[in-house]
Amino acid sequence: MARFRNKKKVAFVKPAKKQPQQNVDHVTGDKIPRSFVFSRLKLPATLKQLQADLRKMMLPYTALNLKEKKRNNLKDFLNVAGPMGVTHFLMLSKTGTSPYLRVARTPQGPTLTFKIQEYSLAVDIANSQLRPRVPKDLFKNSPLIVLSGFGTGEQHLKLTTIMFQNIFPAIDINTVKLSSCQRIVLLNYNKETKLIDFRHYSIRLQPVGVSRRIRKFVQSHKVPDLRSLEDVSDFITKAGYGSESEGDEEAATVSLASDVGRVNKASTKSAVKLQEIGPRMTLDLIKIEDGLCAGTVIFVISFAGNGDQKKEQEEESKASEDDMMDD
């Protein structure tokens, strides 16, 4: 008599579909800006790390692992920018003495050229802090952008304002989720020095009147060590526990419209704290061109009385022209 073989049933697993990043904000209806951060010419190790820090700052709408080759020119990046919806380029370069940052709108400009007077890497900022804070989901959403001191009415400052306002996605204050506002990029223009202070902070909310121990207990769900206490109430009332409330100043508090995390509840007061996460830069705007690293010069700083600075500017301009000629 014939035997029937039992065939094992193989479960079919439907492959997960990778969700493509959206190109249009579903709330505002605006096109989401995307960026490439790359270098022109060879960079030293510290500027390479600054490039990596800038890429991380521009998350999530940037190419974090963008690969560059020596033979790549500006046209190569421009050819792939269109299909990928890239709207801005951030380009680092270095002459014999100074590093430069060019911020450009694709595909036709304008281009803003900044001389980097000073900079600090994210790792340097973290090493200078007692308790560095970089949660794992900190870069899940784009940072907010705050511009200070640019309202002087000068044309080059207006162009700078428009460029940086459009480099990050716009938000609708009526529908934005407070939990998505975790970072802030601050640009402050100093009218006396004519320099721009560039800072990158994380935003932290703390409920007013709640000690650090209680906050950590609610957030971590870990049972505290009560062996040295006579009663549970000692955990709250004992000196060193209930007296550690921070940030209770009225000027630094806000009333929340919705819950943020497990500790900050709606209709309660929370203290807003900013903690710098880097990178940090001091920028000097030296030139604005109406095209992509080319075209009519709209604004330029002249160094008629300083031969060294004039030579630097000529070197940077030559590097920009060589980049375009390679295209």
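Along the chain as shown, the residues are counted starting at 1.
A Cβ is built for glycine as well, from the same backbone N, Cα and C atoms used for every other residue.
These figures come from a predicted structure and were not determined experimentally.
Per TrEMBL, the stretch carrying the note region 'Disordered' among 1-26, 105-130, 209-234 is 1-26.
Confidence in the domain 'Brix' (33-294), given as mean pLDDT, stands at 84.
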